[in-house]
Amino acid sequence: MKTIIVFLSLLVLATKFGDANEGVNQEQMKEVIQNEFREDFLNEMAAMSLLQQLEAIESTLLEKEADRNSRQKRCNGNNVPCGPDHPPCCSGLSCEKTFGYGWWYKSPYCVRPSKG
C-alpha cells in the first residue's frame, strides 16, 4: 500500500511538472519554428538576390556572345565584279576597271592593286 501511495504521488508530481514543461516546450517549439521560418525567408531572399546577379551576368555574357557571333559583311574576292550594285571588295583588293573582264561586262572588278 505504501508503494502504491509513493507511485501515485510520483505520478501526480510528474503530471503536474510535466504539464508545466510541456507549456515551456510548446513556447520553445514556437520560437524554433519562427526562427526556422526567418532563416528560410532570409535564405530565400539571399537565393533570389544571387539569382538576380546570375541573370545579370548571363545577360551580359549573351550580349558579348551575340556580338562575337555576328557576321562581317560579305566582300568580293579577286576577279569578281564590284561597284554600286555589288558588295565591296575584300581587304587587299581594289575596285578597278580592267582590260580583261571589264570591257565585256561593263563593270569594274576587284583586283590586286598594281605596284606601279
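Each residue, glycine too, has its Cβ placed from N, Cα and C.
The following features are taken from Swiss-Prot:
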- Cys75-Cys90: disulfide bond (DISULFID)
- Cys82-Cys95: disulfide bond (DISULFID)
- Cys89-Cys110: disulfide bond (DISULFID)
- 1-20: signal peptide (SIGNAL)
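A count of other CB atoms within 10 A of each Cβ picks out Cys95 as the most crowded of the disulfide-bonded residues Cys90, Cys95.
In this structure the C-alpha atoms belonging to Cys95 (disulfide bond) and Cys110 (disulfide bond) are separated by 5 Å. The shortest Cα-Cα distance from Cys110 (disulfide bond) to any of the disulfide-bonded residues (Cys75, Cys82, Cys90) is found for Cys82. Cys75 (disulfide bond) sits 5 Å from Cys89 (disulfide bond), taking the C-alpha atoms as the reference points. In the three-state DSSP reading, Cys110 (disulfide bond) counts as strand. Taking the C-alpha positions, the distance from Cys90 (disulfide bond) to Cys82 (disulfide bond) comes to 10 Å. Considering only the disulfide-bonded residues Cys75, Cys82, Cys89, Cys110, the Cβ with the fewest other Cβ atoms within 10 Å is that of Cys75. A separation of roughly 7 Å, to the nearest angstrom, links the Cα atoms of Cys82 (disulfide bond) and Cys89 (disulfide bond). Cys90 (disulfide bond) falls within neither a helix nor a strand when secondary structure is assigned with DSSP, and so counts as coil. According to DSSP, Cys95 (disulfide bond) sits within a strand segment.
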